[in-house]
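Trainee: Handing you this structure, nothing more for now.
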Amino acid sequence: NQFDILLCSNLFGDIISDECAVITGSIGMLPSASFNEKNFGLYEPAGGSAPDIAGKNIANPIAQILSLSMLVRYGMKLKKIADKIDKSVASALKAGYRTADISNNNSYLKTNEMGDVISDFLINGK
(Lines of atoms letter the chains of each structure in order from A and count residues from 1; the text may use other names and numbers.)
(Lines give C-alpha, C1' and ligand atoms only; values in the text may rest on other atoms or scores of the structure.)
Protein backbone atom coordinates (compact mmCIF):
# COMPACT_ATOMS: atom_id res chain seq x y z
CA ASN A 1 0.00 0.00 0.00
CA GLN A 2 3.01 2.28 0.44
CA PHE A 3 4.23 2.13 -3.17
CA ASP A 4 2.31 2.58 -6.43
CA ILE A 5 5.34 2.25 -8.71
CA LEU A 6 8.51 0.17 -8.56
CA LEU A 7 11.32 1.37 -10.82
CA CYS A 8 13.95 -1.23 -11.67
CA SER A 9 15.86 -2.92 -14.45
CA ASN A 10 14.28 -5.81 -16.36
CA LEU A 11 16.18 -8.48 -14.41
CA PHE A 12 15.13 -7.11 -11.04
CA GLY A 13 11.65 -6.44 -12.40
CA ASP A 14 11.28 -10.16 -13.12
CA ILE A 15 12.39 -11.05 -9.60
CA ILE A 16 10.23 -8.40 -7.93
CA SER A 17 7.14 -9.30 -9.98
CA ASP A 18 7.41 -12.90 -8.79
CA GLU A 19 7.70 -11.70 -5.19
CA CYS A 20 4.74 -9.34 -5.63
CA ALA A 21 2.66 -12.21 -6.97
CA VAL A 22 3.01 -13.87 -3.58
CA ILE A 23 1.83 -10.72 -1.82
CA THR A 24 -1.20 -10.19 -4.08
CA GLY A 25 -2.06 -13.87 -4.27
CA SER A 26 -1.60 -14.22 -8.03
CA ILE A 27 0.58 -12.97 -10.86
CA GLY A 28 -2.75 -12.35 -12.60
CA MET A 29 -3.24 -9.30 -10.38
CA LEU A 30 -0.10 -7.40 -11.44
CA PRO A 31 -0.16 -4.75 -14.16
CA SER A 32 3.10 -3.33 -15.47
CA ALA A 33 4.49 -0.65 -17.72
CA SER A 34 7.88 -0.17 -19.35
CA PHE A 35 8.89 3.34 -20.39
CA ASN A 36 11.73 4.81 -22.38
CA GLU A 37 13.20 8.29 -22.11
CA LYS A 38 10.58 9.74 -24.46
CA ASN A 39 7.73 8.49 -22.25
CA PHE A 40 6.65 5.87 -24.78
CA GLY A 41 5.18 3.00 -22.83
CA LEU A 42 4.50 -0.69 -23.19
CA TYR A 43 1.66 -1.73 -20.91
CA GLU A 44 1.16 -5.41 -20.13
CA PRO A 45 0.54 -7.84 -17.28
CA ALA A 46 3.66 -8.53 -15.22
CA GLY A 47 3.49 -12.30 -15.73
CA GLY A 48 4.62 -14.42 -18.62
CA SER A 49 2.57 -15.87 -21.44
CA ALA A 50 1.31 -18.90 -19.44
CA PRO A 51 1.06 -21.31 -22.39
CA ASP A 52 -0.16 -24.04 -20.04
CA ILE A 53 -3.48 -22.24 -19.58
CA ALA A 54 -3.83 -20.70 -23.05
CA GLY A 55 -7.30 -21.14 -24.50
CA LYS A 56 -8.77 -22.60 -21.30
CA ASN A 57 -10.66 -19.44 -20.19
CA ILE A 58 -9.10 -19.63 -16.72
CA ALA A 59 -6.60 -16.75 -16.76
CA ASN A 60 -7.19 -13.85 -14.41
CA PRO A 61 -7.90 -10.78 -16.60
CA ILE A 62 -7.32 -8.23 -13.82
CA ALA A 63 -3.64 -7.57 -14.63
CA GLN A 64 -4.55 -6.92 -18.27
CA ILE A 65 -7.41 -4.60 -17.27
CA LEU A 66 -5.20 -2.71 -14.81
CA SER A 67 -2.48 -2.47 -17.48
CA LEU A 68 -5.09 -0.81 -19.69
CA SER A 69 -5.81 1.58 -16.82
CA MET A 70 -2.11 2.47 -16.70
CA LEU A 71 -2.12 3.09 -20.46
CA VAL A 72 -5.14 5.36 -20.12
CA ARG A 73 -3.65 7.18 -17.11
CA TYR A 74 -0.01 7.59 -18.18
CA GLY A 75 -0.07 7.17 -21.95
CA MET A 76 -3.28 9.00 -22.74
CA LYS A 77 -3.36 11.33 -19.69
CA LEU A 78 -7.02 10.45 -18.96
CA LYS A 79 -6.93 10.16 -15.17
CA LYS A 80 -10.71 10.17 -14.60
CA ILE A 81 -11.25 7.25 -16.97
CA ALA A 82 -8.35 5.32 -15.43
CA ASP A 83 -9.82 5.96 -11.98
CA LYS A 84 -13.14 4.51 -13.17
CA ILE A 85 -11.40 1.39 -14.49
CA ASP A 86 -9.52 0.95 -11.20
CA LYS A 87 -12.72 1.47 -9.20
CA SER A 88 -14.54 -1.13 -11.31
CA VAL A 89 -11.89 -3.74 -10.58
CA ALA A 90 -11.92 -2.87 -6.87
CA SER A 91 -15.73 -3.00 -6.78
CA ALA A 92 -15.81 -6.44 -8.41
CA LEU A 93 -13.31 -7.77 -5.88
CA LYS A 94 -15.09 -6.11 -2.97
CA ALA A 95 -18.35 -7.74 -4.12
CA GLY A 96 -16.61 -11.11 -3.87
CA TYR A 97 -16.06 -11.94 -7.54
CA ARG A 98 -12.95 -14.06 -8.09
CA THR A 99 -11.19 -16.12 -10.72
CA ALA A 100 -9.85 -19.54 -9.72
CA ASP A 101 -6.34 -18.29 -8.92
CA ILE A 102 -7.57 -15.94 -6.18
CA SER A 103 -10.65 -17.84 -5.00
CA ASN A 104 -10.51 -19.66 -1.68
CA ASN A 105 -13.42 -21.95 -2.51
CA ASN A 106 -14.89 -23.83 -5.45
CA SER A 107 -16.98 -20.87 -6.60
CA TYR A 108 -15.14 -18.77 -9.15
CA LEU A 109 -15.54 -17.08 -12.53
CA LYS A 110 -13.91 -17.88 -15.83
CA THR A 111 -11.81 -15.23 -17.61
CA ASN A 112 -14.64 -13.91 -19.79
CA GLU A 113 -17.09 -13.86 -16.87
CA MET A 114 -14.73 -11.81 -14.70
CA GLY A 115 -14.20 -9.42 -17.60
CA ASP A 116 -17.97 -9.11 -18.00
CA VAL A 117 -18.44 -8.38 -14.29
CA ILE A 118 -15.77 -5.67 -14.32
CA SER A 119 -17.24 -4.21 -17.53
CA ASP A 120 -20.66 -4.13 -15.89
CA PHE A 121 -19.26 -2.21 -12.91
CA LEU A 122 -17.54 0.18 -15.34
CA ILE A 123 -20.59 0.78 -17.54
CA ASN A 124 -23.34 0.70 -14.94
CA GLY A 125 -21.42 1.84 -11.89
CA LYS A 126 -22.76 -1.07 -9.88
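Each residue, glycine too, has its Cβ placed from N, Cα and C.
From Swiss-Prot, here are the annotated features:
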BINDING   Asp14, Asp18  Mg(2+) binding site
BINDING   Gly48, Ser49, Ala50, Pro51, Asp52, Ile53, Ala54, Gly55, Lys56, Asn57, Ile58, Ala59, Asn60  NAD(+) binding site
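Walk me through the surroundings of each of these features.
Mentor: Counted within 10 Å of its Cβ, the other Cβ atoms near Asp14 (Mg(2+) binding site) come to 12, all protein chains included. DSSP classifies Asp14 (Mg(2+) binding site) as helix under the three-state reduction.
Using a 10 Å radius centred on the Cβ of Ala50 (NAD(+) binding site) and all shown protein chains, the other Cβ atoms total 14.
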Trainee: Cα-Cα separation of Asp18 (Mg(2+) binding site) and Asn60 (NAD(+) binding site), in Å?
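Mentor: Pair distance, Cα basis, whole Å: 16 Å.
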Trainee: Would you identify which of the binding-site residues Asp18, Asp52 has the most other C-beta atoms lying within 10 angstroms of its C-beta?
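Mentor: Of the binding-site residues Asp18, Asp52, the highest Cβ count within 10 Å belongs to Asp18.
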